[in-house]
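Q: One structure, pasted below without further comment.
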Amino acid sequence: MEWGSESAAVRRHRVGVERREGAAAAPPPEREARAQEPLVDGCSGGGRTRKRSPGGSGGASRGAGTGLSEVRAALGLALYLIALRTLVQLSLQQLVLRGAAGHRGEFDALQARDYLEHITSIGPRTTGSPENEILTVHYLLEQIKLIEVQSNSLHKISVDVQRPTGSFSIDFLGGFTSYYDNITNVVVKLEPRDGAQHAVLANCHFDSVANSPGASDDAVSCSVMLEVLRVLSTSSEALHHAVIFLFNGAEENVLQASHGFITQHPWASLIRAFINLEAAGVGGKELVFQTGPENPWLVQAYVSAAKHPFASVVAQEVFQSGIIPSDTDFRIYRDFGNIPGIDLAFIENGYIYHTKYDTADRILTDSIQRAGDNILAVLKHLATSDMLAAASKYRHGNMVFFDVLGLFVIAYPSRIGSIINYMVVMGVVLYLGKKFLQPKHKTGNYKKDFLCGLGITLISWFTSLVTVLIIAVFISLIGQSLSWYNHFYVSVCLYGTATVAKIILIHTLAKRFYYMNASAQYLGEVFFDISLFVHCCFLVTLTYQGLCSAFISAVWVAFPLLTKLCVHKDFKQHGAQGKFIAFYLLGMFIPYLYALYLIWAVFEMFTPILGRSGSEIPPDVVLASILAGCTMILSSYFINFIYLAKSTKKTMLTLTLVCAITFLLVCSGTFFPYSSNPANPKPKRVFLQHMTRTFHDLEGNAVKRDSGIWINGFDYTGISHITPHIPEINDSIRAHCEENAPLCGFPWYLPVHFLIRKNWYLPAPEVSPRNPPHFRLISKEQTPWDSIKLTFEATGPSHMSFYVRAHKGSTLSQWSLGNGTPVTSKGGDYFVFYSHGLQASAWQFWIEVQVSEEHPEGMVTVAIAAHYLSGEDKRSPQLDALKEKFPDWTFPSAWVCTYDLFVF
């Protein structure tokens, strides 16, 4: 395969090869004439020539000597990528027409919005609060009753309010154990009048985190489910199976309510599949980011039924890798119910997720309509499917699935995907193998140039990554992290341009000093082959690892290879002219369009997460790495243009100038990370806990007592931006770890201590909640197997955390929590998350300690923290006064808590 007709320079090189092999010293005229005939070996004969002209075109004749215009090539590629990005953006803004209001069988987004506004008007709905347990539950039951009155006689509606108590351990945030008591689930079963033996579950949660109205997480999902219930119940089409709607009231308590339902409710045994509605952002499209496990028929159901699909197996594999610090009820149904399902979530605008800005007015009616159309169609499909009743028969196998710009979904079994992938690999092997196996007198130095070019490509990527990481580390060290958080284009201008400039520099140096005697067209072909080979290696690796995401590499190998096979004749005759470039870019349309589509999703999800990922992970290093990787992928099939172009000086100068100016502006603090813009806020998250701590010794005496406001910034910048506004919050009040206390002696709400190691402690008066916690040892006894059993009782607010640290020579062997086996958190301590609904009894539990030797300092240290997340007890005058001082670009989430430590 050739990139162009044989140039005079190439002919001279071929003559030189023949001369070295004993040919005549000068080619006769007839040999020169024969040289005009096209080669059939698929190679330009090695491409080596005499010294290149200063222009760097790599040849003397037309086609080889006429290089691409640098300005035209650079602008053309830039406009090409911008056009593709515009198409991606347009696909994300597809408008959905609302069904006629009140028309039976149509989802009405305005009715769902009415539900949403009523739920969010109640305010924050933490588990155990009257807002969650009484007001929201009452509203849901009221609306369900109205729906039941309007329902078609073909259907039967049953309603149950469940208040489960239970415990489980979960491998999340380093691992911990959860205990819940008397929390609330509202369960509705819609079934045929004669009943049903099988059911599909739809799940949402109506509780919210503290200090947030929780419109997207997850009131909008519950509103969608209410409207879907209304539409299905009024339908004149009979269902084959039941649809169970679970409105759970304790998801934000780390998935407690779903565990209570699936392990204790009598209807749980009917469920064969589920759909979980969640949020990681506010509005936009709802992404299918988890399916299964296995059960490919569920993906097929979504593909067949969803009207506005948005799904990706890539998102599934990224989420299940644990990179994203989040989890959903999907895990509970999968692990404790052994039920397959589909997990959907809104992912756009995660900047205001779990903040006071998560309000109903920020969720577009279009988003509600899209979600409602999809959920209604998929539930109806499952409720009338024969596969639901025999789900076990269709259990085995995974699916490769992805949507195409939201228009439709492509899905096929992963085993078929593996076959397709290896067929693509074989195509590359045949293509490259033909070149590698040809005699040297035909291929010249192709093998050597290919291997050297591969090394140059890898060096260019490595040095580019090192360059952007050096920039990112420097920016982090000078305190200018997250400069791109409110201005994403800053990251592109800083890290993206640096990556491209370094790649171009390395290849330009190679072109000038190593490949100085090779034709441009020959080098263009070599580096196209190198890019093809690299993507083929990715394809083999991902397929061998069993990752369904390998389909992306297959696309990035198959389409470029087909493009090369289609355009080589035109290029051979006319060189790198406009027609060739147009066909080349057209052939790259699908891989580049889909890559940009995925890259948008990656940054839409990960950029906001980096603003709440803790104080230990440098966000600039993470973002720079991701951006550099994406840039390397996008530039891979354009590297050959560096060798086809006459020069790269202007491009490198422009990129370097943009990078340098952006770097200076970032270092000077021009780009402030946060925003209080009412239309698009991007706040800094800060947790304020006004607490009183009491430490007791082995005899029960209080040996230490203090009080203050414990401050945690949830991003890498800590309090550096806050100190100028609130001078008393500075590094002189940095909190210090209590080495002998579990989790450093602080009242962690969740075990995220390993993510947030920098915190501050501002002295303040003691707190005195009206409902103070009580903790006592009920009994201490020795078991027949020589362990010590300690039984405790605790009472307090709806949320408490219990911590245990075993002393040297002691181990926790059993306890009455979870499955009976104690689970450690990161750092070796034990963490128990406790919550209750209304009117819960005292919490009694026991632990068993195995002691190998007597210790005068006791066996274990335990501590209990009480968190007041609702009502008057959550506030204090000092806390309110401090909150008022915070600038409007922050979101300070504040509550009162106590911490009591004991030694036994």
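Every residue, even glycine, has its Cβ placed from backbone N, Cα and C.
What you are looking at is a predicted structure, and each value in this text was computed from that prediction instead of being measured.
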Q: Swiss-Prot tags one of Asn517, Asn730 as N-linked glycosylation site; which one?
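A: Checking Swiss-Prot against Asn517, Asn730, the N-linked glycosylation site entry points to Asn730.
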Q: For the Zn(2+) 2 site, Swiss-Prot lists Glu252, His354; sort out which one of Asp194, Asp217, Asp403 goes with them.
A: Asp217
Q: Check the candidates Asn182, Asn819 against Swiss-Prot and report the one noted as N-linked glycosylation site.
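A: Candidates were Asn182, Asn819; Swiss-Prot attaches N-linked glycosylation site to Asn182.
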Q: Output the single range from 458-478, 490-510, 542-562, 580-600 maximising the number of Cβ pairs under 8 Å to the transmembrane segment (64-84).
A: 580-600
Q: If you count the C-beta atoms lying within 10 Å of each candidate's C-beta, which of the binding-site residues His205, His354 ends up with the smallest number?
A: His354
Q: Can you grab the distance from Glu251 (active site, proton acceptor) over to Asp217 (Zn(2+) 1 binding site)? Cα atoms, rounded to a whole Å.
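A: Rounded to a whole number, the Cα-Cα distance is 10 Å.
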Q: For Asp217 (Zn(2+) 1 binding site) and Glu252 (Zn(2+) 2 binding site), determine the Cα separation and express it in whole Å.
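A: Distance (Cα to Cα, whole Å): 9 Å.
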Q: Do at least three C-beta pairs under 8 angstroms join the transmembrane segment (652-672) to the transmembrane segment (542-562), pairs 6 or more apart in sequence?
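A: No, the stretches stay apart by this measure.
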Q: Quick one: Cα separation, Glu278 (Zn(2+) 1 binding site) versus His354 (Zn(2+) 2 binding site), in Å?
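A: Answer for this pair: 13 Å between alpha carbons.
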Q: In Å, rounded, how far does the Cα of His354 (Zn(2+) 2 binding site) sit from the Cα of His205 (Zn(2+) 1 binding site)?
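A: Between the alpha carbons of His354 (Zn(2+) 2 binding site) and His205 (Zn(2+) 1 binding site) there are 14 Å.
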Q: Establish whether the number of Cβ pairs under 8 Å between the transmembrane segment (542-562) and the transmembrane segment (490-510) reaches at least three, counting only pairs separated by 6 or more residues.
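A: No, these stretches are not in contact.
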Q: Would you mind listing the long-range same-chain contacts of the transmembrane segment (400-420), meaning Cβ under 8 Å and 6+ residues beyond its ends?
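A: The answer is 87-88, 91-92, 94, 285, 288, 291, 296, 299-300, 302-303, 306, 308-314, 543, 546, 548, 550-551, 554, 593-594, 597.
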